[in-house]
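Trainee: One structure, as structure tokens, below. Some questions next.
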Amino acid sequence: MNDLRLKKDRKLLEILKTMAPGTDMREGLENILRAKTGGLVVLGDNEEVMKLSDGGFKINSEYSASYIYELAKMDGAIILSSDLKKIVRANVQLVPDSSIPTFETGTRHRTAHRVAKQTGNVVVAISQRRNVITIYKDDIKYILRDSSIILARANQAIQTLEKYVAVLDRVMGNLNLLEFEDLCTLHDVVAAIQRTEMVMRVVTEIDRYICELGNEGRLISMQLNELVKNVEQDGMLIIRDYCQNEMNYSKVCETIQSMSSEEFLNSEAISKVMGYGDVPLIDTLISPRGYRMTSKIPRIPFIVIENLVKNFKELKKILEASHEDLDKVEGIGEARARAIKSGLRKLKEQTIIRKQL
């Protein structure tokens, strides 16, 4: 589901990467912060920014953390080139539209917020008194924090994620067994979707910490990748297995991702998004199409899995199919038919053994 993660999050992650510890940009901002002079930095010298600029002087010099620190001693804003490689202008007065709403109080932060909204550029405000770096982009406001604080929060989030993944594994193990026995209820499916989304929301938060930590986030990144190897893929395939026929599973995924915490914990709300009306979740038996389970068989391309599901419609019928029935499907020869039969048999055996442990 990562490619469908909300655009706002992706936009913020890209911004944080440019200002992560170890980058020249972060070094320059930290220098201004330590000097307690305050500052306003606009990332990008496009036409919209230049229209709002008044006064100041041209620099057109290569970006340097020490240059930006010296230029911040003046009252005006600093404008950098779009690729962040040049300091274009300094000591600029920014004159955004005063009718643009902002909830900021200080003059520097009000200006930064309005310029970001009006131009769509990233604007960074460094507070003189509060010792805080604030990033603005469109409606996004994000406060950069010290690496030690971020690292502590990231470690705490990893611990939470470990617990969530352990619960998800149990829920998935139960769903696997029910799928092989064709005894799945809507309640079991919704529980798996909810647990997957809970894990992915923590992953999104940790991704943000990793971007903000830069080089210091490598260990956290490795731990994250180890914990959530196939969670996203499985989550999407559950939705593809169970959403109503005429529905676009990608849009169902996006709808679930955009739900508030209260909404996605409401089982009936998830059920409705999946295309089921007001039906009792525990009493409604549903059969999977088989995308998720067949995708676990090694060396079977996804195009073949799609042909398989298209032909048999349900996992139950794929399990019951003979070698000859499988052989008739486009892209499946005798060798693949054997691989599918033995692969599903092994998966069923593993599922039963895990349940007994």
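Note that Cβ sites are derived from N, Cα and C of the backbone, with glycine treated the same way.
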Trainee: Out of Gly76, Gly120, which does Swiss-Prot tie to the same ATP site as Leu94, Thr107, Arg108, His109, Arg110, Thr111?
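Mentor: Within the candidate list, Swiss-Prot flags Gly76.
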Trainee: Within 10 Å of its Cβ, which one of these binding-site residues (Arg108, His109, Arg110) has the largest number of other Cβ atoms?
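Mentor: The residue with the densest Cβ neighbourhood is His109.
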Trainee: Go through Thr107, Thr111, our binding-site residues, and report the one whose Cβ sees the most other Cβ atoms within 10 Å.
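Mentor: Result of the Cβ crowding comparison: Thr111.
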Trainee: Around the ATP site formed by Gly76, Leu94, Thr107, Arg108, His109, Arg110, Thr111, list the extra residues of the same chain whose Cβ is within 8 Å of the site's Cβ centroid.
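Mentor: After dropping the recorded site residues, what remains is Leu40, Ala77, Gly106, Ala112, Ala125.
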Trainee: What is the number of residues in the domain 'DAC' (9-147) that are helix, strand and coil, as DSSP sees it?
Mentor: 48 helix, 41 strand, 50 coil
Trainee: Within 10 Å of the Cβ of Leu94 (ATP binding site), how many other Cβ atoms can be counted across all chains shown?
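Mentor: Taking every protein chain into account, the count is 23.
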Trainee: For Gly76 (ATP binding site), just count the other CB atoms lying within 10 A of its CB, please.
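Mentor: So the Cβ neighbour count for Gly76 (ATP binding site) comes to 20.
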